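Annotated features, as they stand in Swiss-Prot:
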type     : residues  : note
TOPO_DOM : 1-9       : topological domain 'Cytoplasmic'
TRANSMEM : 10-30     : transmembrane segment
TOPO_DOM : 31-338    : topological domain 'Periplasmic'
TRANSMEM : 339-359   : transmembrane segment
TOPO_DOM : 360-369   : topological domain 'Cytoplasmic'
TRANSMEM : 370-390   : transmembrane segment
TRANSMEM : 393-413   : transmembrane segment
TOPO_DOM : 414-440   : topological domain 'Cytoplasmic'
TRANSMEM : 441-461   : transmembrane segment
TOPO_DOM : 462-471   : topological domain 'Periplasmic'
TRANSMEM : 472-492   : transmembrane segment
TOPO_DOM : 493-534   : topological domain 'Cytoplasmic'
TRANSMEM : 535-555   : transmembrane segment
TOPO_DOM : 556-870   : topological domain 'Periplasmic'
TRANSMEM : 871-891   : transmembrane segment
TRANSMEM : 893-913   : transmembrane segment
TOPO_DOM : 914-927   : topological domain 'Periplasmic'
TRANSMEM : 928-948   : transmembrane segment
TOPO_DOM : 949-972   : topological domain 'Cytoplasmic'
TRANSMEM : 973-993   : transmembrane segment
TOPO_DOM : 994-1006  : topological domain 'Periplasmic'
TRANSMEM : 1007-1027 : transmembrane segment
TOPO_DOM : 1028-1037 : topological domain 'Cytoplasmic'
Amino acid sequence: MANYFIDRPVFAWVLAIIMMLAGGLAIMNLPVAQYPQIAPPTITVSATYPGADAQTVEDSVTQVIEQNMNGLDGLMYMSSTSDAAGNASITLTFETGTSPDIAQVQVQNKLQLAMPSLPEAVQQQGISVDKSSSNILMVAAFISDNGSLNQYDIADYVASNIKDPLSRTAGVGSVQLFGSEYAMRIWLDPQKLNKYNLVPSDVISQIKVQNNQISGGQLGGMPQAADQQLNASIIVQTRLQTPEEFGKILLKVQQDGSQVLLRDVARVELGAEDYSTVARYNGKPAAGIAIKLATGANALDTSRAVKEELNRLSAYFPASLKTVYPYDTTPFIKISIQEVFKTLVEAIILVFLVMYLFLQNFRATIIPTIAVPVVILGTFAILSAVGFTINTLTMFGMVLAIGLLVDDAIVVVENVERVIAEDKLPPKEATHKSMGQIQRALVGIAVVLSAVFMPMAFMSGATGEIYRQFSITLISSMLLSVFVAMSLTPALCATILKAAPEGGHKPNALFARFNTLFEKSTQHYTDSTRSLLRCTGRYMVVYLLICAGMAVLFLRTPTSFLPEEDQGVFMTTAQLPSGATMVNTTKVLQQVTDYYLTKEKNNVQSVFTVGGFGFSGQGQNNGLAFISLKPWSERVGEENSVTAIIQRAMIALSSINKAVVFPFNLPAVAELGTASGFDMELLDNGNLGHEKLTQARNELLSLAAQSPNQVIGVRPNGLEDTPMFKVNVNAAKAEAMGVALSDINQTISTAFGSSYVNDFLNQGRVKKVYVQAGTPFRMLPDNINQWYVRNASGTMAPLSAYSSTEWTYGSPRLERYNGIPSMEILGEAAAGKSTGDAMKFMADLVAKLPAGVGYSWTGLSYQEALSSNQAPALYAISLVVVFLALAALYESWSIPFSVMLVVPLGVVGALLATDLRGLSNDVYFQVGLLTTIGLSAKNAILIVEFAVEMMQKEGKTPVEAIIEAARMRLRPILMTSLAFILGVLPLVISHGAGSGAQNAVGTGVMGGMFAATVLAIYFVPVFFVVVEHLFARFKKA
């Protein structure tokens, strides 16, 4: 093939230009993302049982739905929560690659089977089945510049005018409002109700009657008289609109003819529909909307669309209303991709300089440089064809590919230059001869490297998706690189290179010194190799010791899934003791805000807090803060990284009394959890009951707290059992007094909860009407005695006459995992430990708990456990495939052994570099390790290929052949290896956005390549001679 293109250079150029055009078009159309669709798709089923406590919801709703979710294709695990507000949520997580649409349809079909078994009140409320991500993409906050709008004004405007348009924006899965729109609030006074012989149900029924939209029909409607001349709509009654109009609702007419109006027994006002959350931006009243990404949607596109929509809507905002973004994960995605692009350019420049240093000929150097954009753009075209995106993983693959793809072109150019110099041939003839010598080696390198990366494409789960991105990117670039090295590169060599002048090229002073030094080094290397081959047994023992060291390093290197990143944002949770009020929670959140805005003012840009909300559940004792940091360019230095900021905050905020305040970083993959660290589900496998499971959980937390050198921040991601005020109704006594149980329940529910009645019109929008006891009449236990129920004879009877009260404890939020009662435990690895170490430590602690208590990993930890199980198989398959590929290529069993023995030399370098830098054995390291395996084998192939050829064609002995081959190939091996090492150097020294991933990939590969080069050039000749002798003996035997 090479000879064909040497004679047709224009054709070679045409193919290269077509590849570049295709790649250019692909780049313009490829979507950009931080990661591909790594996270498995999730489907969430949400239901509401009004008035039910957590246990009732779990027994009558959650379990009924769970028990019908069997036989779903690709279901990995299922988690659920039931809370005291009557809410049930079941989240089903499916295998990566499962179609979210099909999963949603299957879940809906299974839900239909459960519907007849659910309470009627649940069915009336409706059950939703959503496919949005559980994680927050961004938060838009709304504030009043001059303070003219209070938090309820802001929240009402946002709920009425902004929430719905945003929820319809492309890519948005769901939105969550931090605040509430207005509602008509009817605050009842029990003493006045009793005075007029009224109960809450009377008020509700009259509101329903008098605040109603009636369809009055028409005058002159069809069918009509033949001479009918009039047609008009009849308006009978419309909905009320103001508190004054509601206050005039007639409740009853007394015997003396006087009227009792709603305002006589209640205070009527325009208030919030929901008072459960309080939002603040930098301590000022605010409202917010959390945007959650639709499953499979692109984060950057969605964020852009949301901001464009808000910008459009801002033209209609009240004068003082302003939008800010206190939490946005997309700037990190943009900047991290830009950083990798920058790394790509830096790698190309460094590779060019290395090639120029060794080739010392601009014409020769420009040829491999031309191959770089051709192959890279061609790879983008392939990525587009297979449906990939421009993301961190594919860009890392490109950076690694630069060192690989110039290798082929360097090998071609270097050998052509050698043939021109040694054989005094013109460039075209020299290129023909050179390609005959190295064509098989190029194919061998391509086969080996493709064989290394191919098994990665068949791994499963989120880890498999990461491997697949690297695999397809690297294999595509490698195959294109070999094609270019056998088409465009020889054509360029034949046309661009010049014949060697008499006496050879005259290098400048710098190159002359380099050449002199290199020639001396080459001679020293040749002499050293000859010495090594006289005592191969000794050096095989050294090799075995290196292998033993590799095994020790493997066991010593901590494991994790993905490295943590400084994403420019993080969160802080605050949890107060059970029963704490919103007033206390708001004060704690203000302390958190003050700390970040004063002690960390050089790093923190804004703080947005939400009282009453947390990932562990909703409640007055819960709070969450979204902290946005200043740009990375303004936070230079390790002390200003998110990790350092969190560590300082953890110490400072631990001093806040009567609250557990915990700052935490975001997970590497947003859709796989809400926090970094580990995520464990403690399971009640033995059906021990809620109390025993709580005791086991507390024991686990106590054991974990005793080992701060292993794990830190171990905490339950749930709500503690809270005091509950139980009203025991004596049904027999109530019946004897003529009081209906339904009336008792209605009175208690309305007074101490609230009752939704119907709707009213406010500023052209339909809003809700609620009836509830006034604040003074539902604050204390004694308030229960202020409420009366009318009996069958019309007499008012106090609740205390037929009921008793007592204090008890109960859970406001119950959890289940795969249909088993559970409690979620979150935590972080201690300094110097990886999440893999922390997970193993926690698993050992669970083994000390009472029988019947088990555990399971979920979220990011589930994927980490899965990846650690797959890694050994991946390494083994890759090595076997490489061995078989070499055996098939060389029609020999001995040559593959000579090549494969070099692999541990690269691996020990990768492990040593990773260990010295304090990094862990994560997915990026594993990809780097496979790259190291391929590159180690490549260097060995370059030497062994020439040795075999000399043995076959010139009849040399194995020792003579391998010494000469090693001498001849030393220069291209060092050149390609140094080019690759410097190509990944920008990854190793990267800092700022995305540096965690860049360091993880670059460090292992650089260390592995350095060791593989320095050690392999000495050990490959030893391996070759030892293997040839062993196989020769075997054949004789």
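The backbone N, Cα and C atoms fix where each Cβ goes, glycine too.
Sequence-distant neighbours of the transmembrane segment (10-30) (same chain, 6+ residues past either end, Cβ-Cβ under 8 Å): 373-374, 376-381, 383-385, 388-390, 480, 484, 487-488, 491-492.
When the topological domain 'Periplasmic' (994-1006) is classified with DSSP, helix, strand and coil residues number 12 helix, 0 strand, 1 coil. Counting Cβ pairs closer than 8 Å to the transmembrane segment (441-461), the top stretch among 370-390, 871-891, 1007-1027 is 871-891.
Counting C-beta pairs under 8 angstroms (sequence separation of 6 or more), the transmembrane segment (339-359) fails to reach the transmembrane segment (535-555), with fewer than 3 such pairs. Under 8 Å from some Cβ of the topological domain 'Cytoplasmic' (414-440) lie the Cβ atoms of residues 2-3, 6, 358-359, 361, 364, 486, 490, 493-500, 504, 889, 945, 949, 968, 971-972, 975, all in the same chain and six or more residues away from its ends.
Same-chain neighbours of the topological domain 'Periplasmic' (994-1006): 332, 335-337, 339-340, 343, 392, 396, 399-400, 562-566, 668, 910-911, 913-914, 917, 919, 922, 924-925, 927-929, 931-932, 981, 984-988, counting only residues six or more beyond its ends whose CB sits under 8 Å from a CB of the stretch. Beyond the ends of the transmembrane segment (928-948), by six or more residues, the same chain brings 400, 403-404, 407, 411, 438, 440-441, 444-445, 448-449, 452-453, 456, 474, 874-875, 878-879, 882, 886, 890, 892, 895, 898-900, 902-903, 905-907, 909-910, 958, 961-962, 964-966, 968-969, 972-973, 976-977, 980, 1000-1005, 1008-1009, 1012-1013, 1016-1017, 1020-1021, 1023-1024 to within a C-beta distance below 8 angstroms of the stretch. Outside the transmembrane segment (973-993), and at least 6 residues removed from its termini, the chain residues within Cβ reach (under 8 Å) are 332, 335-336, 339, 342-343, 346-348, 350-351, 353-355, 358-359, 396, 399-400, 402-404, 406-407, 410-411, 414, 565-568, 632-633, 935, 938-939, 942-943, 999, 1001-1003, 1005-1006, 1009-1010, 1012-1013, 1017. Within the same chain, residues 16, 19-20, 22-27, 29-33, 36, 298, 337, 344, 348, 351, 398, 401-402, 405-406, 408-409, 469, 472-473, 476-477, 480-481, 484-485, 488-489, 492 sit at least 6 positions outside the transmembrane segment (370-390) and bring their C-beta atoms closer than 8 Å to a C-beta of that stretch. Note on the topological domain 'Periplasmic' (914-927): its mean pLDDT in the predicted model is 81. When each of 472-492, 871-891, 1007-1027 is scored by its Cβ pairs under 8 Å to the transmembrane segment (535-555), the top-ranked stretch turns out to be 1007-1027.
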